[in-house]
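Annotated in TrEMBL:
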- 24-355: domain 'Acyltransferase 3' (DOMAIN)
- 466-675: domain 'SGNH' (DOMAIN)
- 88-107: transmembrane segment (TRANSMEM)
- 152-174: transmembrane segment (TRANSMEM)
- 186-207: transmembrane segment (TRANSMEM)
- 245-262: transmembrane segment (TRANSMEM)
- 268-287: transmembrane segment (TRANSMEM)
- 308-329: transmembrane segment (TRANSMEM)
- 341-358: transmembrane segment (TRANSMEM)
- 379-400: transmembrane segment (TRANSMEM)
Amino acid sequence: MTDGKTTAKTLAAAEATKPSHVPEIQGLRTIALLMVATFHIWFDRISGGVDVFLVISAYLLTRSLVARAESGYLTRPVRFIVRKFARLVPAAAATIGFTLLTAYVLLPAWMWPGIARDAIPAALYTENWHLQALQADYFANSVANASLFQQFWSLAIQGQVFILWPVLHLLTELVARATKTSVRRLLIAVFGLIFVVSISWSVWLTAVDQQHAYFDTGARLWEFAGGSLLALLQPWLRFGMGIRAIMSWLGLIGVLSCGIVLPVEATFPGFAALWPLISTALVIVAADGPSAKWSAHWLLSNKGLAALARYSYALYLTHWPVLVMFAILTGVGQPGAHEGLFILLMAGAFAVAIYRFVENPLSKWVANAGPPTPHSPKLLFPLLRPAAVIALCTAVALVATTGIRTTSARGDQEYLAFIAEVNASQFGPNTDPKLPPPVLPTTLDAADDAREPGIPCAPEDPHTTQNCFVVEAIGDGSSERSIFALGNSHIHVSSGMYLESVYTHENYAARTQYVWSCTIDRVDELGHLCGALWESGANYIADENPDLVIVFGTQSTPEGEIPQWNLIDWIRSAKLSSPETQFVVIRDTPRFETAPLECLLRNGIGAAACETPLTGSTDPKFLEALSALEVVWVDLNDQICPDGVCSPVVGGLVTYADTNHITDVFARSLATSFDAQVAEKVSWWNADR
C-alpha cells in the first residue's frame, strides 16, 4: 500500500493517467447482468448480479468526477445527468414500447390496463416506488403474476442516484474550494456518512419488512456509496501482482457464487449484500495494474465478454418481459433447459435489435454533434442532442402507454359509475346461473372493477394503517352500529358483501383496513406492515369496541385452503378486550391457477373449458375452534361456484378480475347470502335492503 502522506496532487495525477477503459470491470459487469438473466430464467432465484452492477456504476461515476475535480474542473450536474440519461433512455424506451406492443398482440385485453399503468413509472424511473406502493413481493409472486416491467426497479434506483450523486459531488467540490481542503478527503467523509446511515437503515428495514426494503432507495444507497468509496480510496490500495491475482479470483468466485450460497431472496439488501460489494471491490482493485498470467484477467477481459458487453444492458431489459410473457402464454412457471434456452435466445434477439437499431445509432448521433455554429448557444449546445434523445424516447414510451390505455378505456369512469349503481341483488347467485348476456361488467372492464371501501381514514387517526377507509354514518351523525373489517386484499375486493347493508342503513358505520397478501399467519414472513395491521386492529377493537368485526379465516390455494390458526388466539384476545363485539369469519374465495377471465376472453361465455370444480374443504378442527369462540362462520363458496362448479360468469356477472380477486359487482351480489348467514346469529344485522 502507498504511504498515507501521498498528496492529493499525486493522486490526481495517478488517476489522470489511468486508462479510461478497464476491461476487467466491463467483463465483470457483463457477467453480472448475464447472471441476473440466467438465474431468473432457470433457477427462479436472485443472483446478486444487480448489486454488482450498482456498485460498478457508482465506482465509475465517482472515479470520473473526482479525477476532473482534482484537475481543477467543477462537476456540471445538469450536463452529466442529461448525457447519462441520453445513453440509458433509448434502450429502456425501446423495451417499454416492444413490451407494450407484444402485450397488445399476445396477451388478453383484461391485462392491458394494468400493464399500461406499470409502464409509466418504468419510463419515469420511479418503478421501485411504484412496486413499493403496490406492496409487490419480488420473491413470492409466480413469474406469470409479476409485472412485465419489474426489472426496471434497479434502473429506477440507479437513475435516482445518477441525479443525486453529481449534485453531491458539486456541493463537496465547492466546500473543498472554499475551505482549501482536499476534495477527495471530503468526498470520503460524505460517502462514508451515507454508507453508515444507509446500511443501518437497510439492516433495520430488511429485518422488519424485507419486501419493502428490497425496492427502497434509502436502503440501497450504501451500495452506491460503497462503490464511490472504492473509487476514492483506490489510489491508496496498492498490492503486488501475486496478491492481486488471488484477489481477482476470490472476487470473481464471490460474484458467481453469491446467488447460490446466500439466500438473497431472504436477506438482501441487509448485511448480506456486502458479499457482492466486497467481491466486486476485489476484482476492481485487482485490475489496478499489470496482471499475472494466472489471474482472472484473461477471463474477464476476453473478446467474447467484450463482444457481449455491448448487448448486456439491452438483454437485462428484455429478458424479463420475455420470461413473464412465456409464463403467461404457456402456463409454465419454471422453464426447463430447452424452454429457458428459447427464452434467452428470444430475449437476446430483441436485445441485439434494440442495440443495433436504437441504442447505438442514437449514441453515435449524440457523439457526432460537431462543433457549435456562431449562432449556437455555447452553454446549451452540448446538451441539445442528448436532451432531444431523452425527450423523444420518453415521449415514444409514454405515447405507447397512452395508446394501450386508450384502447382499453372501455373501463372508463362513467361505465364504472354505472356498474356501481347496478342492483347487484338481481344478478349473480340471486338469479339463473345461466343468465345470457349482457354480462356485467364487460369483460374488458372486469379487471378494473374494484373500488375503495369508503374514504381514507383521517391522518390523525391513532389506529390508521397503510390502507384504511371508513364509511361514516349518515342519519343524525351518530353510529348505532359499527362494523370493522381487516385483512388482506380479499377483504378489500369483497367489501361489497357488507357495505351493501351499510349503505342502506344510515346509522351503520364501517371501517376497513387491509394490506396486500397480509393474512395473520404470514405476519412473520411479510414483516412490519403486515404485523402493524393486525396489532392496530387489535388496539382499535380494544379502544373503540365495534359491534361487529369481519375477517377471512382461511387462505385459499388452487389445491384447497389453509386455515389461519393464529386467528384463533387473535380473536380470543380481542374478545377479552371487547366482550360485546361479535366476530364474523369468512371462508376465503376460491383461487385458480389461471384467471377465469382470461379463459372467458379466449373461449367465450359458457365454454366448458372455463369451468373448474370447486376443490377443498375447511378443516373440521378449525371450525370447531371457531365455534368454541362463538363466532359467525360465513361460507359463500356455494354461491360463488353454484353446484360445485366455478365459472367466469354467474348470473350475468363476471366473477373474477384475476386468479383470486372477485369483481366488486359480484361481491355486492353476494351480499344477500352474506346478510342471511350473518343475521342468523347477529340479531341486529338487518338483511332487508
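The backbone N, Cα and C atoms fix where each Cβ goes, glycine too.
Sequence-distant residue pairs (6 or more apart) of the transmembrane segment (341-358) and the transmembrane segment (379-400) include fewer than 3 whose Cβ atoms are under 8 Å, leaving the two stretches without contact. Here the transmembrane segment (379-400) sits against the transmembrane segment (88-107); at least 3 CB pairs are under 8 Å, leaving out pairs fewer than 6 apart in sequence. If you look at the transmembrane segment (245-262), the same-chain residues 6 or more away from its ends with a CB under 8 A from one of its CBs are 24, 28, 31-32, 35, 39, 43, 45-49, 51-52, 239, 272, 275-276, 278-287, 291-292, 294-297, 299-300.
Between the transmembrane segment (88-107) and the stretches 186-207, 268-287, 308-329, the greatest number of Cβ pairs separated by less than 8 Å involves 308-329.
The list of residues near the transmembrane segment (308-329) in space but at least 6 beyond its ends in sequence, with Cβ under 8 angstroms from a Cβ of it, reads 26-27, 29-30, 33-34, 36-37, 40-41, 91-92, 94-95, 98-99, 102-103, 106-107, 111, 142-144, 146-151, 155, 335, 339, 342-344, 346-348, 350-352, 354-355, 359-360. Mean pLDDT across the domain 'SGNH' (466-675) comes to 90 in this model.
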